[in-house]
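Trainee: Below are the structure tokens for one structure; questions will follow.
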């Protein structure tokens, strides 16, 4: 018999129903469950697939550069970044009538185009790219790296080049390599690029391969470096009247600590950014020499962990046994990596708008909104993934004997206390926040807005004041004008910081009031509830009072029959599934808050947010309804306009989202019956009955239908909000 899909599971390949296809797709990447898998092959497969992943990333970024060079208006944008709209790529659509062609022909293009809201123009401009030729060169280089990655992936699947398991488990060497080699050397290389290409570019000096050996990045060259007079590199920075990309008002400094923003570009000083990357490079280069490898010097991570027993015995045997537990569990390592990456992605969202690093990006409001929302959603998915793999670790990899009384075992021992505390925090936040919002709603409905309960966020205001914000009048730390820190800050370190904090046109330490206080606690409710579901799912993954032998059922079982008092919806997968809804809900609140506050800031009517955000009707009416008018007007009696694509996407997003419920709120028997009826009709219909299928059609399993429903819900939810966000922002600010 010919090999049927899936080849990795002979059991599934012989399944006579359509379950074969769906289960095959679902388990294609679960290498551990494949036939004749060994630990060695498992590691080698994952390693090789990393190169494929890199190849895709390089190909994708190469495509961005290529399409902008070919169909964009980068060179025109460089001449006037604030008024030319950056083009992502052309649109060729045979359905376009004349009104559509006219609506989408913008940015000086000859035909219909898409506008770029990704910030790539600002990024490329900041790092020194100026011409289409530069973009093509970058695209070709990335294409080359993509091909190289594919070759490397193929190479490491050949018998001679397959690394051994011991190589994969050599944690110290890997850590040294990643810290020094990846983070250290790449940060140093980036500093080099900024100093040699980007900073001269910002001063009107065009540095390329033909002249980069002749153009000194600093008038004194490496003299100050070797003589130890490093402060010379910080002298004579760009002046506040510097015009970015020209020599007008420029200085000669390359590594500075100015703080604050370049007055014209509203972005961080490039010389500060170079200084930052140099510091990071030194830190990581040192960190990458700390662990013991072939040379017998440095720390052994196992020794560090074994020795780390907290005093007083309150954490039992501390970190004993953790080294082998982590080093032998891919799921534990993936969980740690995802948790770290998730936090970093969310931090990127927060910092890209509050401390913009790219020239003129702060004045491109739609891009700011798109980037913030994009990074927050990505962070949410990555963080939920961390807990999912944490749960799989407990089911597949956790060994109680190896971890007796260490911090991991004690987490499991104390899980009731952890879960109940999280539950209490979620209930407290939910009832109090909703109570305040609803009270305020009722007061407005009855025409007595003065009876609202409005709480000033005094602790948060105090923290902002401590960092230098003077408008609250707290007179503490950096906002205390006669304190030593304030006076040192004016001259020695970051003189621009205090100006930036108190400048109301940027997004650094936005002024906050009662509306912020309420939405902060609404978001805290969402975060705590999401965490509760995820933590409970992971800590109960091996077993609970109701189902002590849960680990024997694997990660994603739907139910264990009618006994035991009801064992449906309690698998670790079910917890992940529920948590994703809460994650989306929470990030919805986060992005609503960010977007509304910024729209009012950019429009200069901050009082609208302050007055309307203290009650739910304000959010529904003055944020969602008021800002959806652009979408509703995408198509109107006068024809269409450039927002119509977002109007269409808004409707399509709702359709996808609503389709999710068809899978989420429906029992399996209904679908099975429907499918059998359809199959029966098909087999008895002339012509149609000439086409037969090999697999008997069966309904999706409960878990699969939930996954399909969750995927539609998530994708539709994000599509809908993306269209709303981009249309409402670009409709106002262009």
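FYI, residue positions are counted from 1 along the chain as it appears here.
Including glycine, each Cβ sits where the backbone N, Cα and C put it.
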Trainee: Identify the transmembrane segment range according to Swiss-Prot, selecting from 235-253, 254-272, 273-291, 292-310.
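Mentor: Comparing 235-253, 254-272, 273-291, 292-310 with Swiss-Prot, transmembrane segment matches 273-291.
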Trainee: Please find, within the list 46-69, 70-93, the residue stretch that Swiss-Prot describes as transmembrane segment.
Mentor: 46-69
Trainee: In the same chain, who gets a Cβ under 8 Å from the transmembrane segment (369-395) while lying at least 6 residues past its ends?
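Mentor: Residues 117-119, 329, 331-332, 334-336, 338-339, 341-343, 345-346, 348-349, 352-353, 412, 530, 534-535, 537-539, 541-542, 551, 554-555, 572-573, 575-576, 579-580, 583-584, 586-587, 590-591, 594-595, 598, 718, 721-722, 725-726, 729.
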Trainee: Report, as numbers and ranges, which residues of the same chain sit near the transmembrane segment (417-439): CB under 8 Å and 6 or more residues beyond its ends.
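Mentor: Same-chain residues near the transmembrane segment (417-439) but 6 or more away: 411, 452-453, 455, 518, 521-522, 524-525, 528-529, 531-532, 535-536, 539-540, 614-616.
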Trainee: In whole Å, how far is residue 559 ([4Fe-4S] cluster binding site) from residue 671 (phylloquinone binding site) when you measure between their Cα atoms?
Mentor: 19
Trainee: Under 8 Å Cβ-Cβ from residue 559 ([4Fe-4S] cluster binding site), six or more apart in the same chain: what's there?
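Mentor: Result: 567, 568, 569, 702.
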Trainee: What does DSSP assign residue 559 ([4Fe-4S] cluster binding site), in three states?
Mentor: coil
Trainee: Tell me whether the transmembrane segment (575-596) sits in contact with the transmembrane segment (135-158), defined here as at least 3 Cβ pairs under 8 Å among residues 6 or more apart in sequence.
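Mentor: The answer is no, given that the two segments have fewer than 3 Cβ pairs within the 8 Å cut-off.
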Trainee: Using DSSP, would you call residue 670 (chlorophyll a B3 binding site) helix, strand or coil?
Mentor: helix
